[in-house]
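**Student:** Sharing a structure here in structure tokens format.
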């Protein structure tokens, strides 16, 4: 049997129907074996690479080259043909993926990311755009040398702060694609604002409560103590204010899109909140969430007593709730995601397979796997590998695509 060699055929030019067909009709006539095919189209411009195996005399002869060139030139594109014996047939998979999100991503910002990557000997294997709304998003798949993941994360965290973009580094492999359960904090994450402050406004105690809340979110005050102190300011209010506040809740921009898309993907979705069940449950029903963990306000004769009943869902309680829900649905912890914004979310994000800090306080950003700084909850989807195109393609066949104009920053 004659020895065989590898030949790489690279086609470039404006994409059009019939290019692939024209090429493979010629290759079929020469009886070559197909080893690999890769194709990308950027703004209508095609790059098609075909790796084939053929006898040495065919590779070095003129017939294959002339026939391929004639076919490709006939459809108005260019082609290059070269021996490729020294390269692997299938590339080794990337080790990590880097997400860059911004409004906008400037050339300077991306240059800084690329410099940070190159300085550590990290190779960029693949780049693609994943979003043009509500932020610009890019995904880079990279190969990181052993021992360089930590330094890479440190370097890119510095770049993100200096260039005003979000940069996240995640392992790239099977585990990255197997997330199955996600939990959200409620206040300032799933919804805008703090529910306790809305209730306190009804009691004329919003200033006092806001100060306690800020201290707790910064990690300066034990959450259980802060909750009890804040709830105490509500004593004497009629329980009907709870329903009034529930009706006034405004979802975080992108929240419906996020939950709708995750449900399509088969995720179990829920909330774990230091807020109050009677306010959260109507929202959970509306969004068709699978589970809720939150605190319970004590009501006697239709009046708030200023106390909570039952176990307090505090910082350790949030992590426990995540573990309990994961166990209930048979989901390993490495396949869970948690999203939050405050210091009381630290344990929950640390327990999750992927912990995402959303417009978060510094204490949480320091321990999270990824941080998002734009007020659009659907940016969470991009960190899970879902593109804006995929989101809108699914919406187009269901509820329709809707983009709300975003004012310039």
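From the backbone N, Cα and C atoms, a Cβ is placed for every residue, glycine too.
As annotated by Swiss-Prot, active site, nucleophile applies to 185. The active site, proton donor feature in Swiss-Prot is assigned to 187. What Swiss-Prot lists as Mg(2+) binding site is 185, 187, 341. Residues or ranges marked as substrate binding site by Swiss-Prot: 194, 230, 273, 274, 318, 344. Here Swiss-Prot flags 8-86 as domain 'ACT 1'. The feature domain 'ACT 2' is assigned by Swiss-Prot to 102-174, with a curator's inference given as support.
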**Student:** Whole number in angstrom, please: the longest C-alpha to C-alpha distance across 194, 230, 273, 274, 318, 344 for substrate.
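**Tutor:** Greatest Cα-Cα span of the listed binding residues: 19 Å.
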**Student:** Do any of 194, 230, 341 (binding-site residues) have a CA within 10 A of residue 185 (active site, nucleophile), and if so which?
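**Tutor:** Of everything listed, what lies within 10 Å of residue 185 (active site, nucleophile) (Cα to Cα) is 341.
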**Student:** Under DSSP, is residue 185 (active site, nucleophile) part of a helix or a strand, or is it coil?
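**Tutor:** Looking at the DSSP assignment, residue 185 (active site, nucleophile) belongs to neither helix nor strand, so coil.
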**Student:** Averaging the per-residue pLDDT over the domain 'ACT 2' (102-174), what integer do you get?
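**Tutor:** Over the domain 'ACT 2' (102-174), the predicted model scores a mean pLDDT of 96.
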**Student:** Would you list, in sequence order, the residues of this chain other than 185, 187, 341 that have their CB within 8 A of the centroid of the site's CB atoms, where the site is the one recorded for Mg(2+)?
**Tutor:** 184, 186, 188, 189, 190, 273, 340, 342, 345, 358
**Student:** Please report the Cα separation of residue 194 (substrate binding site) and residue 341 (Mg(2+) binding site) in Å, rounded to an integer.
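**Tutor:** Distance (Cα to Cα, whole Å): 11 Å.
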**Student:** With H, G and I counted as helix, E and B as strand and the rest as coil, say where DSSP puts residue 194 (substrate binding site).
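**Tutor:** DSSP assigns residue 194 (substrate binding site) to coil.
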